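Reviewing the structure listed below.
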Amino acid sequence: MEFCVLFGGASFEHEISIVSAIALKGVLKDRIKYFIFLDENHYFYLIEESNMHSKYFAQIKEKKLPPLILTHNGLLKNSFLGAKIIELPLVINLVHGGDGEDGKLASLLEFYRIAFIGPRVEASVLSYNKYLTKLYAKDLGVKALDYVLLNEKNRANALDLIGFNFPFIVKPSNAGSSLGVNVVKEEKELIYALDSAFEYSKEVLIEPFIQGVKEYNLAGCKIKKGFCFSYVEEPNKQEFLDFKQKYLDFSRTKAPKANLSNALEEQLKENFKKLYNDLFDGAIIRCDFFVIENEVYLNEINPIPGSLANYLFDDFKTTLENLAQSLPKTPKIQVKNSYLLQIQKNK
């Protein structure tokens, strides 16, 4: 099976997506037929496999290429010899952050009936907004940390609104999990943390920062009527991972398996199933969990994890191919114009 990797985007995580695509190339190798780069101005470019390295993008050489136009079933390439349609194999949406994870590209691909692996519109909207994610989890019976939601109108009253003690964590509601995130240990650090978070989002979440919490990551997808899970990862424990630590090191090919009980692993999987539901059909997602006093809490849903979290799967290629056979179908609407014909008949 062949794939097309779509990456880049007008996003704060633009570089993350490039690194993610380069890493996935090393995993899937000759199964990737096309690499399609989306720049910050929303132009599409076809990138040769030989140019899929960081130096090429650091020098912005793709600007010398002719831009492509997304259309039904593929991309339109104009040249002196006329227009040509590049028919796309199954697309992997690997655009992190805005454009890729907020639903814009999902809408565009669905509109042009281009088959793709990735979250659909509704799943993107719910998972990209951390506040909506909490509401979604609560509705499904999945625990999440307490929080306060701030906007520009009430940020001046932040300390009055926060109902928990220092330290707490300040994060943008709409952004990657490490962008604009700060741990606030005392009052004088709050202004900087809020300024940083509001750079990335119009709304900001504040959560209690709990020392010594256990963290576990689990990726997976739905195959037909069952689930395919990765193994559980326990991330390296630091106060929190910054942007570079979390995203720009894709050199690892495997992550260490977590040492946890079978009972806890089953709890994580059951919570994952609830969150995946039917909403995330067609996507490989990663759910990041906290375990606090033997209770499982959702930290976040990553609808397009870096390099699709391939390093967490024992057989990623088979998982991807099985998912490709389990994509949700969009029913085609048959337009018959019967009402219009009846109007004409009655005239």
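Including glycine, each Cβ sits where the backbone N, Cα and C put it.
Annotated features in Swiss-Prot:
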- 134-332: domain 'ATP-grasp' (DOMAIN)
- 161-216: ATP binding site (BINDING)
- ASP288, GLU300: Mg(2+) 1 binding site (BINDING)
- GLU300, ASN302: Mg(2+) 2 binding site (BINDING)
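Structural mapping of features recorded in Swiss-Prot.
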| residue | record | contacts (Cβ under 8 Å, 6+ apart) |
| --- | --- | --- |
| LEU161 | ATP binding site | VAL148, LEU150, ASN154 |
| PHE168 | ATP binding site | ILE162, VAL183, VAL184, ILE206, GLU207, PRO208, PHE209 |
| ASN182 | ATP binding site | ILE169, VAL170, LYS171, GLU189, TYR192, ALA193, SER196, ALA197 |
| GLU203 | ATP binding site | TYR131, LEU149, LEU150, ASN151, PRO172, SER173, ASN174 |
| ILE210 | ATP binding site | LEU145, PHE290, ILE292 |
* **Which listed residue (SER196, ASN302) has most other Cβ within 10 Å, given these are binding-site residues** => ASN302
* Structure fact -> If you measure between the CA atoms of ASN302 (Mg(2+) 2 binding site) and ALA175 (ATP binding site) and round to the nearest Å, you get 11
* Just counting, how many other CB atoms are there within 10 A of the CB of ALA175 (ATP binding site)? -> 22
* Can you see whether DSSP assigns ASN182 (ATP binding site) to helix, strand or coil? => strand
* pLDDT averaged over every residue in the domain 'ATP-grasp' (134-332) -> 91
* Three-state secondary structure of LEU161 (ATP binding site) from DSSP? -> helix
* Rounded to the nearest Å, what's the C-alpha distance separating GLU300 (Mg(2+) 1 binding site) and ALA175 (ATP binding site)? Just drop the number here, would you? => 12
* Asked: Which residue, out of the binding-site residues GLU189, ASP288, GLU300, shows the minimum number of other Cβ atoms inside 10 Å of its Cβ in this structure?
  -> GLU189
* According to DSSP, which of helix, strand or coil covers ASN302 (Mg(2+) 2 binding site)? -> strand
* Asked: Rounded to an integer, what is the Cα-Cα distance in Å between ALA175 (ATP binding site) and ASP288 (Mg(2+) 1 binding site)?
  -> 15
